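Student: Please see the structure below; I have some questions.
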Amino acid sequence: MRSLRFISAEALVSHSQLVQENLDNIAYNLYPLLFKASYLLEQADVTRALLSHWPLEEFRLAVLLRPNTDHPEDLRDRACKACLEACMQGIADHVLKSGSNRLRVADFTGIQDVQVQQCPCGRALGRWGRTKVLARTCCQLQGQPCSAGHPIEVFADLFVTEGNFDMVVQALKPLGPAPLQVCCPSLRADSLSPGQLLQVLGLAGPGNLRKLEVVHNVRLHAGHVQQLLTQVGFPQLTSLTLPTKAFDAPPTCAPDPEGEDLLLTSIAWELSQMNQLTELSVAFSTLTGKIQTLLSPLKTPLRVLDLANCALNHEDISFLADCNHTAHLEVLDLSGHNLVHLYPSTFFRLLSQAAQTLRVLTLEECNITDSHVNMMILGLSPCSQLQQFKFLGNPLSGSALRRLFAALCELPRLRHIEFPVPKDCYPEGAIYPQDELSVSKFDQQKYDVIAEDLRAVLLRANREDIQVSTPLFGSFDPDIHETSNELGTFLLQAFKTALENFSRALEQME
């Protein structure tokens, strides 16, 4: 329930002109209250004016938007375009306003990007857009005299692609005086060359970087990864994501005569020097028989591990089942591996070791069939902490799903299930794993009936708290959604370049 203070704040910020004319007469401790009220009601003019006059030393957006005694609603999942742009404009006004000398830290981290915006305008400013607005503001202010006499540290989760690379570089490496100093605890990179990636990381302050995501269209091989880790260094890094094929050997690298992967050994040693690293995602890298080489040197147990589609063999699964990381795992993705069919006892030993900590388990396209359901029920039953279970793309019938759902109801903390379209809904003889065209060609009416049956299973078990869904093409990714046009252009250019290279090769052969 909202407090009388907050109701009064809402009434006040609804009169934009009145607030702006009287900001100098408002007590400092009311600014946070008025800010949340203006953000909630999307009074962008008031939001900007509040930041322009901000009388406190710190402005931390996530702290101001989180639940409090005056207003219990959490607004951190509102990446409202109008309000966030107003915040940045207000910071710029603050810098240029004479007499404004208290603000030292502006923290824009902690905003959660979601699929459906609850703000009145319904328009989101995602991580890439926020990066662009911040970089543009920094560039516009460079060279301006700073009335405060000291730069304002602006903390932000940066998302850098080819589309905003030049602007971000200029913001991070100003040529002259800069009233805003960008601090980057988290960085996501996409559609960059290896050289561009190294450049932006060097400027972003890798010594303070906590999370690094290098994804999709950053074409790295093992030589690049080794260079990245040895030359840049990330002593504070807690989370690392590497792109597809990041552990492939460089094209000019001759295989070791004794079969050792010296580059991987070197990379693993560099990772072992990161004493705070607890999250590692290396999906779609070929790591057959190499998991022990990669993970055994790590000194700190991993909490998050993504090994989806890494072509793991029995040796790899055996190592995972017995290594020191497993008892600490909270999030595990082993999608794309035929685990239950090929290595059932080893895989279920792994689940047993992780049972007391595992919160999120993803087993998409693992060829789990009806004949495996009883084993899956036994394997999952000890996982008392499990909150999310995702198993899209597995050829399971409606009856098998009903049995599995009945067992999942027994997991007390489970809140979210992503289940596949039942195989009953596809034509006879459908081949798994399915391509994007095939996966969408199913009998919607049959699916609706089975999905309703599955929800009825939950209701009969008094588990209305469990949300179920079938996202055909995977869970919503706000970063991909926001930059889809740029990624499409990048892929088309890469395809064109490949065709040109192929054509030249044919001409040389002739």
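Note that Cβ sites are derived from N, Cα and C of the backbone, with glycine treated the same way.
Residues annotated as repeat 'LRR 1' in Swiss-Prot: 100-137. Annotation source Swiss-Prot lists repeat 'LRR 2' at 181-205, citing similarity to another entry. If you look up Swiss-Prot, you'll see 234-273 marked as repeat 'LRR 4', on the strength of similarity to another entry. Under the heading repeat 'LRR 5', Swiss-Prot lists 274-298, citing similarity to another entry as support. Taken from Swiss-Prot, the feature repeat 'LRR 6' covers 299-330. The repeat 'LRR 7' annotation in Swiss-Prot covers 331-349, and the record cites similarity to another entry as its basis. According to Swiss-Prot, the repeat 'LRR 8' annotation covers 355-382. Feature annotation from Swiss-Prot assigns repeat 'LRR 9' to 383-407; the stated evidence is similarity to another entry.
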Student: Determine which recorded stretch among 100-137, 181-205, 299-330, 331-349, 355-382 has the most C-beta pairs below 8 angstroms with the repeat 'LRR 4' (234-273).
Tutor: 299-330
Student: Is the repeat 'LRR 9' (383-407) packed against any residues at least 6 beyond its ends, judged by a Cβ distance under 8 Å, and which are they?
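Tutor: Residues packing against the repeat 'LRR 9' (383-407) from afar: 335, 351, 354-370, 373-374, 376-377, 413-420, 422-424, 430, 432-434, 439, 450, 453-454, 457-458, 461, 470-472, 474-475.
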Student: Could you tell me the mean pLDDT over the repeat 'LRR 2' (181-205), as a whole number?
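Tutor: Mean pLDDT for the repeat 'LRR 2' (181-205): 96.
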Student: Please work out the helix, strand and coil residue numbers for the repeat 'LRR 4' (234-273) from the DSSP assignment.
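Tutor: Per DSSP, the residues of the repeat 'LRR 4' (234-273) fall into 11 helix, 3 strand, 26 coil.
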